[in-house]
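*Asks:* OK, TrEMBL features for this one:
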type     : residues : note
DOMAIN   : 45-205   : domain 'Glycosyltransferase RgtA/B/C/D-like'
TRANSMEM : 66-86    : transmembrane segment
TRANSMEM : 98-118   : transmembrane segment
TRANSMEM : 149-174  : transmembrane segment
TRANSMEM : 186-207  : transmembrane segment
TRANSMEM : 235-256  : transmembrane segment
TRANSMEM : 263-286  : transmembrane segment
TRANSMEM : 311-332  : transmembrane segment
Amino acid sequence: MSRSALAVVGLVVLVLTVASFGYGFHRDELYFLAAGDHLAWGYPDQPPVTPLLAWLAESISPGSVWAVRIPATLASAATVLLVALIAREMGASRRGQFLAAVAMAASGYVLVTGHLLLTNTPELCLAALAGWLVARLLRTGDRWLLGPLGVVTGVGLLTKSLFALLVFALLVGVLVAGPRRVLRSWWLLAGVGIAALLWLPNLLWQAGHGWPQIEMMGVLAAEGNLGGRLGFVPFQFLLFGPVLSVVWLAGLVRLLRAPEFRAFGVAYLVMAVLLLVGGGTAYYLADGYPALVAAGAIGVDRWLTSRGRGVLVGVAVTGSAVMNALLGLPIVPAEQLRDTPIVAIYHEAGEQVGWPRLVEQVAAAHRALPEAERARAVVVTTNYGQAGAIRVFGPAHGLPAVFSGHNGWANWAAPPDAAEVVLVVGGRQPPPWTRVCRSLVAAGTVDNGAGLDNDEQGTPIRVCRGMSRPWSQVWPELRRLS
């Protein structure tokens, strides 16, 4: 293994650890922390692994942004290491392994998912691990590797159901491009059995709750995030940045031309076509990139026949890494973000700003209630980020229990029928609250204090008094997946 590649892995750990202290929680991290309070084999919008990681981090240091991001840092560093190992399986020199690690580490996608605890973060690491096992299987023909691959597949499916797409595409790739002999073994059945056994508890949970993740997939496809089908292809070049995209493009061409590892190129194309036809979100294709980057780094290594080319590649990669870091990591102070194009390009940067202030403003509305109402009030939010923020920061302000009808929060609890005074956070359009509250009055507006136009800026806070119907009847109307 290239020592220089290992140095890149160490640098990734250092950079992402430092970045973990920047800004605040992302709305998804707040949701995962809450899900960790309700550990289960599944949720309406995700399998159980990421909430479990959040729970483990919370047990180390409750309320710590840095602790929550430890799993993301380690997973991203492991991803970089695995890409270098894939390159080694494909015949890369030590310099080629180093280039593979650098290209992956400097990519916008790895920096973003490594900075935040998202379902994508452990998923990409597991995809890279699966890619390394498949590359080794194709090179050596050691069919026993199908057993560990079954374990990785099972854990991957417990991390994100979309992992099934990668496994299916790799299977198609091997069947189409070969060598098919690696599948002629009882180890294939063993691997499938292991994966199915690991995935079974999540499938049973989904079946017992009416398969909400299938509904969620339809919702996401209908929302057309990241430009829908029209934005699908252009977004692939944003995942790594225009310069580093040359590496994975070169890798795709190289894989399609190389008989031994052509299965990876076919798998990538299968994933791309299925996602494009099915209306999948653009970044769902990220699992296909570890092998492409590894193969592309070999091509770049062989292209470096002169010092001038080496300088050119060094300058290009450094510039791309700096640009990706500026966009994806909390380098620009939060109060200056509004004066930059960062949030317009990378929306999630803004979703890490303003949560403590939101809770302070909800607390101010709560304190303004008459004392008799404060004692029996509850808080209901329209999205899981708001609810998660109140869960973390609310107790310090004396806020009451918080409820939300958004995604998994809707399953955990509904307000008691005795709750006649409700602080409603969010929902720029009052319905359905106008139908269920006898009185609905404004109590404040969220201001993040940074002048940043994120999703919560300008969110109304209202006081609902007197329910027209019991909560047990109202709650189903407030449940939503998005």
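The backbone N, Cα and C atoms fix where each Cβ goes, and this holds for glycine too.
Bear in mind that the values here come from a model prediction, so they are computed numbers and not experimental data.
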*Asks:* With pairs fewer than 6 apart in sequence excluded, do the transmembrane segment (311-332) and the transmembrane segment (235-256) have three or more C-beta pairs that lie under 8 Å?
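*Replies:* Yes, the transmembrane segment (235-256) and the transmembrane segment (311-332) are in contact.
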*Asks:* Is the number of Cβ-Cβ pairs under 8 Å between the transmembrane segment (263-286) and the transmembrane segment (66-86) three or more, considering only pairs separated by 6 or more positions?
*Replies:* no
*Asks:* Select the range from 66-86, 98-118, 149-174, 186-207 that forms the most Cβ-Cβ pairs under 8 Å with the transmembrane segment (311-332).
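*Replies:* If we count Cβ pairs closer than 8 Å to the transmembrane segment (311-332), 98-118 scores highest.
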*Asks:* So which of 98-118, 149-174, 186-207 is most in touch with the transmembrane segment (66-86), counting Cβ pairs under 8 Å?
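*Replies:* It is 98-118 that shares the most Cβ pairs under 8 Å with the transmembrane segment (66-86).
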*Asks:* What average pLDDT is reported by the model for the domain 'Glycosyltransferase RgtA/B/C/D-like' (45-205)?
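*Replies:* 94, rounded to a whole number.
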